[in-house]
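K.L.:
TrEMBL lists Ser187, Lys193, Glu194, Asp223 with the feature UDP-alpha-D-glucose binding site.
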Amino acid sequence: MGHGNRGHPMSYTDLSIPLQHRPMVPRKGIAVYGYGSVSWKDRMEEWKKKQNEKLQVVKHEGGNDGGNLDGEELDADLPMMDEGRQPLSRKLPIPSSKINPYRLVIIARLAILGLFFHYRLLHPVRDAYGLWLTSVICEIWFAVSWILDQFPKWYPIERVTYLDRLSLRYEKEGKLSELASIDIFVSTVDPMKEPPLITANTVLSILAVDYPVDKVACYVSDDGAAMLTFEALFETSEFARKWVPFCKKFNIEPRAPEWYFTQKIDYLTDKVHPTFVRERESMKNLKLG
């Protein structure tokens, strides 16, 4: 964690400037303000209370010196604390030049759909009235389904997330991580149609995700109960003991070894440290072996 884009970072050079707190309406849910899910409300309230107390103590100590710290270093946690208070995501505006043409297409399709049903209802088939009525009902059903599908496309929402803020909020140095545990299920059935190599790479990519290791669990459901898949996953679990620390140490992307070692990219361009070169060659030999 901690490698996402930072949005509007703040630096504190003068503690005499009062902090602007964002007002909150008690009647509204906490998710409205971007502070995570409702299930974390109690945890968030306790966390904000502790951070406010720490800020007040630091500001009070700075005020005793007349607001001038005389070159003393500020508390390094202050910028991080304020960054952790920011929303975990924000909406990105979509240019009208991109969305309006599609809205015009939707309107044109609605007009054509209306003309189609106008003709269908005014020209029934008398010789096969039952079949005509059944087909019209089915067409209306599909039309309603299509109309409902257009609502999110009429006003799409695009968001940008801040993983560094998530890390600052729920991961404190020297303390246990407060991030939620996640379970990921991978299903497979036939090793002939779904090669175990693909399943193994999927599992390795999941285990090497940028998340606390003790918070991630991966389950593989093999409906075919193939011994080949079982043996492949057994070897995968052994290789993961070395692959996962390697990915987390050097921020490897893509995290699937099969795709990582087949990319026609010089990975040594920006990572020429001897340790990286040595460990990368070791991982490649283990993967090929």
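A Cβ is built for glycine as well, from the same backbone N, Cα and C atoms used for every other residue.
Note that TrEMBL annotation is computational and uncurated.
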K.L.:
By Cβ count within 10 Å, point out the most packed of the binding-site residues listed: Glu194, Asp223.
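P.N.:
Selected residue: Glu194.
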K.L.:
Can you tell me how many other Cβ atoms are located within 10 Å of the Cβ belonging to Lys193 (UDP-alpha-D-glucose binding site)?
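P.N.:
I get 8 for this one.
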K.L.:
If you count Cβ atoms within 10 Å of the Cβ of Ser187 (UDP-alpha-D-glucose binding site), leaving out that atom itself, what do you get?
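P.N.:
Total other Cβ atoms inside 10 Å, all chains included: 11.
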K.L.:
What other residues of the same chain, not counting Ser187, Lys193, Glu194, Asp223, have a CB atom within 8 A of the CB centroid of the UDP-alpha-D-glucose site?
P.N.:
Thr188, Val189, Asp190, Asp222, Gly224
